[in-house]
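Q: Quick one: the structure is below, questions incoming.
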Amino acid sequence: ATCDLLSGTGANHSACAAHCLLRGNRGGYCNGKAVCVCRN
């Protein structure tokens, strides 16, 4: 959801990364399908 909601602002990757960090991951990014992908 973070990738779609903020895609127009450029903040979508930051929101995705923050979401992943909160889940204990090392960050994340939005893929080509606007899905937030967390790094392990």
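From the backbone N, Cα and C atoms, a Cβ is placed for every residue, glycine too.
The disulfide bond annotation in Swiss-Prot covers CYS3-CYS30, CYS16-CYS36, CYS20-CYS38.
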Q: How big is the Cα-to-Cα gap, in Å, between CYS3 (disulfide bond) and CYS36 (disulfide bond)?
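A: About 6 Å separate the Cα atoms of these two residues.
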Q: Which of CYS3, CYS16, CYS30, CYS36, CYS38 has the fewest nearby Cβ atoms, counting only those within 10 Å, among these disulfide-bonded residues?
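A: Selected from the disulfide-bonded residues CYS3, CYS16, CYS30, CYS36, CYS38 on minimum Cβ neighbours within 10 Å: CYS38.
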Q: Looking at Cβ-Cβ distances, which residues of the chain lie under 8 angstroms from CYS20 (disulfide bond) while being 6 or more apart from it?
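A: Non-local contacts for CYS20 (disulfide bond): ARG26, GLY27, GLY28, CYS36, CYS38, ARG39.
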Q: Looking only at C-alpha atoms, tell me how far CYS16 (disulfide bond) is from CYS30 (disulfide bond), rounded to the nearest Å.
A: 7
